[in-house]
Each structure stands twice: as structure tokens, then as C-alpha cells.
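The ATP binding site annotation in TrEMBL covers Gly41, Val42, Thr43, Gly44, Ser45, Gly46, Lys47, Thr48. TrEMBL lists 502-578 with the feature coiled coil. Among the features that TrEMBL reports, compositional bias 'Basic and acidic residues' is placed at 619-637. Marked as compositional bias 'Acidic residues' by TrEMBL: 745-760. Per TrEMBL, the feature domain 'Kinesin motor' maps to 1-379. What TrEMBL lists as region 'Disordered' is 615-662, 727-761.
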Amino acid sequence: QYSFKEVFGTLVVQKELFDVVAKPLVEDLIRGKNGLLFTYGVTGSGKTHTMTGSPGDGGLLPRCLAMIFNSIGPFQAKRFVFKLDDKNGVDVQSEVEALLERQRREALPVPKTPSGKRQLDPEFADMINVQEHCRAEEVDEDNVYGVFVSYIEIYNNYIYDLLEEAPFDAIKPKWNSCSTPVRNGDFVPPQSKILREDQNHNMYVTGCTEVEVKSTEEAFEVFWRGQKKRRIANTQLNRESSRSHSVFIIKLAQAPLDADGDNVLQEKEQITLSQLSLVDLAGSERTNRTKAEGNRLREAGNINQSLMTLRTCIEVLRENQLYGTNKMVPYRDSKLTHLFKNYFDGEGKVRMIVCVNPKAEDYEESLQVMRFAEMTQEVEVARPVDRPLCGLTPGRRLRNQAFREELSRKLELRGGPVGAEPEEPSAAELFFQSFPPLPSCELLDINDDQTLPKLIEALEQRHKMRQMLAEEFGKNVLAFKTMLQEFDSSVASKENYIQGKLAEKEKTITGQRTELERLEKKIKTLEYKIEILEKTATIYEEDKRNLQQELESKSQKLQRQASDKRRLEARLQGMVAETSLKWEKECERRVAAKQLEMQNKLWVKDEKLKQLKAIVTEPRAEKPERPSREREREKPLPRSVSPSPVPRWVDHRPPGHVPTETLLQPRVPRAVTVAAPSERALARCDRYLLTHQELASDGEIQTKLIKGDVFRTRGGGQAVQFTDIETLKQESPTGRKRRSSPPDPDPDPAGDATESEWTDVETRCSVAVEMRAGSALGPGFQHHAQPK
């Protein structure tokens, strides 16, 4: 799931998309602000259709042009009043200079700029036939406007002018010394346009063709002329795939009228030049899906590289804003990002339209596109401050038009037909009529001395009246000047007071705005942290679910193993019981055979004893009858019994064994004497003897012979089980036994010392040490207590 400011469905019309996305950018353009609008998405997702449109339904570009000319149509300056220079600036000329420039251009043998009155190309006539007449609401009527358009493309990280009249060779092959093309397929790209920075730190393309247009039809015809030169190619994903990034630039120059509202103000500082860039990005694509080879493969690589640089720049800007770092943004890694560097630095508003194709094959690429587009919304760029007003009185154009209309009306009235109503006398005419009338100035006689004195008297009266009026007028002027000065001082004081209040308010607003920005950044940081924590919690929950599933699988496995073990134990118990029963029967059979054999032996001995007794009791005179050989042969011979095998011993004598001088020495028949028991020696014998020496309680050496049986273990080794201990010990006949404590606490001091109780250790101590098999104290030792 991804969140955007606005989401449009598949059935959205071009007008709805224009009203939401592009219309605010056009309004800002007319107000003197810059704007950037670009389409982004995978190849074949509809970016070019969104920007250009289709016959009968124009896209964003023709609608932007129509809105511009609908808004400034009656306020456009004449052609060549505004003149662009080669440093991304604009100059203003007078109407006379513009007329001369037009005449000079018309005299040159160059193709004329397309006019709006000529017949349109039917190929694109339907695209600009927009029925809805959209216009901006706030247009400064005291300004004059001029529109310039240019069209460039960025192909393989090179910039080309699509409006250039020179022969346009996309790619030129290399030539060798024999004047034949090289066959290895290497190509030299044509000369690229250069990017430069103007005095306002805005990037522009030097030497780019910029055409002044006066109507929507003229502007779109220029665009269509460059569109035919744009590079497209047929790929596996799109029949007409854009192989370059196209940039259509609309520049709007505006300058105020003079104080009379008649001519353009000839001050370059008052000219405002705003720019709207409409960018149709080439689609990102995977070469394993497009099956691109050769030039198509190189184009796809450059397209993906420029889009990756755009993504990197946005990510670095976002990181610098979120964490307050100052990492360098790699604008220069691509011509696309370098051209629009000033937009990302805050010189204008940026809008991006994400185009998504609902095809299942584009799923992975669409996810990458939407993830990047969602991340770009977190980047904030500073907006430029509006330019100050020129200080001229607003409404100059309307007053000038009203004055011209009134003047033309007056002229028509003065030179109108006879019999028209007389015009009302003006104030000057009424003032001159108040003067005394002049007498007749005709001199009929040379001796006439009345006409001249009367004329002189009338003129003197008029002169006096004029002087009186002049004095009164001077007094009135002084009084009016005084009033104006007082009024100016009061206005100045009020302006100072208002300026102080405004400064205080501006400081307050600036502080509040700074605090608001800080809180917004803090909110952004906290939202980012919350997002990270939510993602971390999601990861932990996923790990928890995986561990729970693993635990359940392990538990089930352990339960299965336990049930298998129980079944195996039951089976083994059955086998043990069966084997025990079998061996019990075998032992019983052997015991019965042994008993039968012993009975036969006893019977033979009894027979021998009887014969011996008979021989002893017979009289000696009688000779015993010698039995014949035949009788002996007939006599059955007793069965011979095989003697039981003599057991072999392992005589284990440690290296520290001390020989004693006792008469009784241990003698072990058929013994294998070793200093340390080994598996080889134990395997050859069935009995084990350990000779162990230690000091007795009386200080004498006693020798213990620890005996045991050797048997085989289930793992194939040998084990010894101790069964018996023999002790050899020497004692001195003159030694006394130890003295035990007397039973009586108050013995008789006069008694003899021989009467005190003496006992041995066995009588005194109730704890004995006895050899047992499996003891941890040594070979066969175990503690046990028994009463005295």
C-alpha cells in the first residue's frame, strides 16, 4: 500500500487530471513563478499519452497552452517587444524597435514563424480543439505578456535541440582512413548542447532555439514539429517506446506599462521571466524483458542510469532535511538532474505524475516506481518570495482606454453634423467672459482722441483684475501647499507608525513561522521514527510468528520422538523379557545338566569307595580274582568330566609399590602383571587384582588386595566390578592399644593405672570402612555406619 496526494482511476478524463495537477502550475506561471511537471513510470505505462493526449482529447501540454493564451490573450505585447538574450535573460524594446525587427525578419529568406491564421495540420488539429475555455482568475491587466517555447531532448545523456533547423543526424558512424565506415558498430554521438548557470543560479541550455508564439495553435505546431524528431523505437514491451527524456519549456515574459498606461515600461529590472517545464521521462525497463540489443541496450542503460541518479538526488535531499545533514546532492551525475537543479533547490513548484500499468508482468517495476514516488513526497523545497510591485498606480490600462474613448468621442462631437446641441461652456470660457468687454478699436479719424483712451482704460482694468486674480491665486497656492505639507507630514507619521507595527507583526509572524517550521520538521522526524518503529515491530512480529511456528514444529517433532521412544522402550522391554525368559530356560537346562553330571560323578565315587571298601574288608589270604580283559572290556567306562578353565588375572601393581618383609606374600596364578591397566590386558583376562598400600592408624604399612571381575560392555569395551578385599598387615607384639575415654567422669585417683580402660579402635569407633563396588572414595570404598 502506498499513499499519494491524489489517485486517478483508469477511466479518468484529461480535463479532471489537468484541473487537479497542471492548472495550479499555469496560474503560478502567470503570477511569475516557476513550475516543473514530469511523468514517471515504467515503459508502456502511458506517460506520453498523459502529456500529449489523443485526437479529440488533448493532454496536459495542449491544455496548458490553451489556458495561458486564454488568460493573457488581450494583453499580449507585439512580436519582438520582448527579446531573449543568450544568457537566459530578456530585454524589452520599444514598439518602433519591434516594428523594425519585424520588418528585418520578414526580409530574411528564412522560414517564417507559423501563424495562427494559417490552416492547421489535421494530424494534431483535434488535440488542441479544447472545448472548455479555461483561464486564470487573477491576471494583472497593467502588464504586457510574451510567450516563448523551446523543445529539447536528453538522449544517452546528451542534450539535443528538437527545433533546430540544421540537418538532424541522430548518430554518425566513424570513418577510417579509406573513407569507409568502421564495421565494429562504434558510433560517435552528435554535438551536445551545453548546460550553463545564469546570474540567478538557474540552469539553462545554451544555443537552444526559442520561438515566440502568439496562439495555442502556433505553440502546439512548434511542439509537433519537434515531436517528429524525437527518438522512439519498437521494443518487446511498447511499439512506440520513447528512447529519450523530452523537455518542453514555456517561458512567459511580462513587463508593466508606464504611468500613462500606453507603452511598455523600458526598465529591464521590472521584467519578470517565469518558466514552466513539461517533462516526458523515458520509461524504466529491464533489458531481459525488452530483449534489447546493440543501440537499444545502450539507450536502456542510459535511461536507467539517469532515473537512478534522479532517485539518488531525491534520497539525499530527503536525508538532509530529516537529519539536518549537509551531504552534497549529485546533480552533475546526469544531465536530467543538472538541468532541473534549481527546482529541487526551491526555485519553483514540482509536480510528478506516476503512471502505472496494471499488467502482471510489470508488478516488480511498478512497486519500485511507487516506492520512489511515495518517498519524494517527504522532500520539501523552499518557495521563492514574490517580487515587489513596481509602484505604479494600478488600473492604468483601463484609464488609458477610457481616455482614448472619451477623446475620440469629443473629436467626433466637434466635427459632427450641423444642428447638434451646443456644447456647455468650460470653466476657462466662463472666466474670460467675466472680464469687461473691449471697446471698439476702429480708428476712423486721425483726430480721434476717444477710442485709444477708452481701449487703454479697458486694458488697465483687465490688467488690474488679472493682478488681483494672480495674487489670489498665489495665496490659494500657498494655502494649498501648506495643507499638502501638513497632510504629507501626517501621512508620513502614520506611515512610520504603520511601518513600526508592520515590523513588529512581521517579527512575530517570522518567529511563529520559524517555530512552525521547527515543529513541522520535528513532526516529520517523529513520523519517520514511528514508521521505522512500526516496520521494526512488523519485522519482530514476523520473527515471532516464525519462531512460534518453528517451536510448534519442534514440539511436534519432540512428541513424535517421545512416542517413538516409548514404542522403542516397549519393544525393548518385550525383547528383554523374552531374552530373560530364554536365558532363564537355558540356565535351568545347564543347571539340570550340571546336576546330572555331578550325580554321575558322585555315583562313580561311591562305586569306587564301595570297591575300595570291599577290597579292604576281604581276607588277605584270598587273592582277588583278576578280572579278565573281556570283562573289563564289557565293563562300561565312566564319562570323563572336562575340568573348568583356570581364570587368568590382571595383577595391577602401581609403580610406587613398596616391598614388605612379611612371610605371607600374595601369589597370583596365571597373572599378567601391569603398572597401569590397559584395554588389551583386560581383554585377555577375566579377573582383576589391585595391590594398594596405605598407612594404618598405628603407623604400619598395610597392603590391600582389591579383587574384581572383568566383563565386556555393550559398547565393546571392558569394565571391572570389585567384589572382595584382602588385607595384609604387620603389628608389633609390644604395642599398646589406644586409650579410650573413661566411662566414669570421676575416677579414683588412688587407683592403679592398669585399671583404666584400654580398648582398640574397633571398640572405640562406631564407623567402619568397607569395600563396596561403585564407591566414589576409591576402588570399591563406601562409608557405612553400624552400631558397636
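Glycine is no exception: its Cβ is also placed from the backbone N, Cα and C atoms.
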**Asked** Which residue, of the binding-site residues Gly41, Gly44, Gly46, has its CB surrounded by the fewest other CB atoms within 10 A?
**Response** Gly46
**Request:** Compile a sequence-ordered list of residues in the same chain as Ser45 (ATP binding site), six or more apart from it, whose Cβ lies below 8 A from its Cβ; state 'none' when nothing qualifies.
**Result:** Gly283, Cys355, Val356, Asn357, Asp362, Ser366
**Asked** Hey, what's the Cβ neighbour count for Lys47 (ATP binding site) at 10 Å?
**Response** 23
**Message:** Just to be sure I understand the packing, how many Cβ atoms besides its own are within 10 Å of the Cβ of Thr48 (ATP binding site)?
**Reply:** 24
